[in-house]
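Q: If you scroll down you'll find the structure; I have some questions about it.
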Amino acid sequence: MVSSSFFFLHVLIMLSFTVMVFSDLSNDFYDDVCPEALPTIKRVVEDAVRQERRMGASLLRLHFHDCFVNGCDASILLDQTETIDSEKTARPNNNSIRGFEVIDKIKSEVDKACGHPIVSCADIVAVAARDSVVAMQSLSMYLDVGYNRRSKGSVEQ
């Protein structure tokens, strides 16, 4: 139990440092453009963790795998196409990463709450990871948001 707690804390610290390298990020990025964005993400995550407690760890792992290679860009969410060599179906991730349906639900609910798609998928994945940790009543994590949107993603980039 101690080693899993240490690992969990280590991952959180690594994610915090990942976030710090982006100077244009802030924790109030969506306050003016969509004040309901972050509360909506929190509500959907809390519901998902309440239904299946392991989903909290799954959302944190999803965020880790998204950020690990090329930074936090939500490229882990992209499906395989002729032009995209998807991270989602890459050997280490295929059939092992969970939480995509929760992210889809969050995106849908946030777009409804904001009136249009304004919150980046990268921010949704990051905030969902943070809120999943809090929902599991483990730790809290300060998180700045405002990741740039990318129009294209691939494991080759």
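Glycine is treated like the rest: Cβ placed from N, Cα and C.
Just so you know, TrEMBL annotations are computer predictions that nobody has curated.
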Q: Out of Glu52, Glu87, which one does TrEMBL list together with Asp66, Val69, Gly71, Asp73, Ser75 for Ca(2+)?
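A: Same Ca(2+) site in TrEMBL: Glu87.
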Q: Pick out which of Cys114, Cys121 TrEMBL lists as the disulfide partner of Cys34.
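A: It is Cys114, per the disulfide annotation in TrEMBL.
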Q: At the Cα level, what's the spacing in Å between Asp73 (Ca(2+) binding site) and His65 (active site, proton acceptor), rounded?
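A: Cα of Asp73 (Ca(2+) binding site) to Cα of His65 (active site, proton acceptor) measures 11 Å after rounding.
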Q: Where does Asp73 (Ca(2+) binding site) sit in DSSP terms: helix, strand, or coil?
A: coil
Q: If we check Cα distances from Glu87 (Ca(2+) binding site), which of the recorded positions Cys34, His65, Cys67, Cys72 wins as closest?
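A: Its closest listed neighbour, by Cα, is His65.
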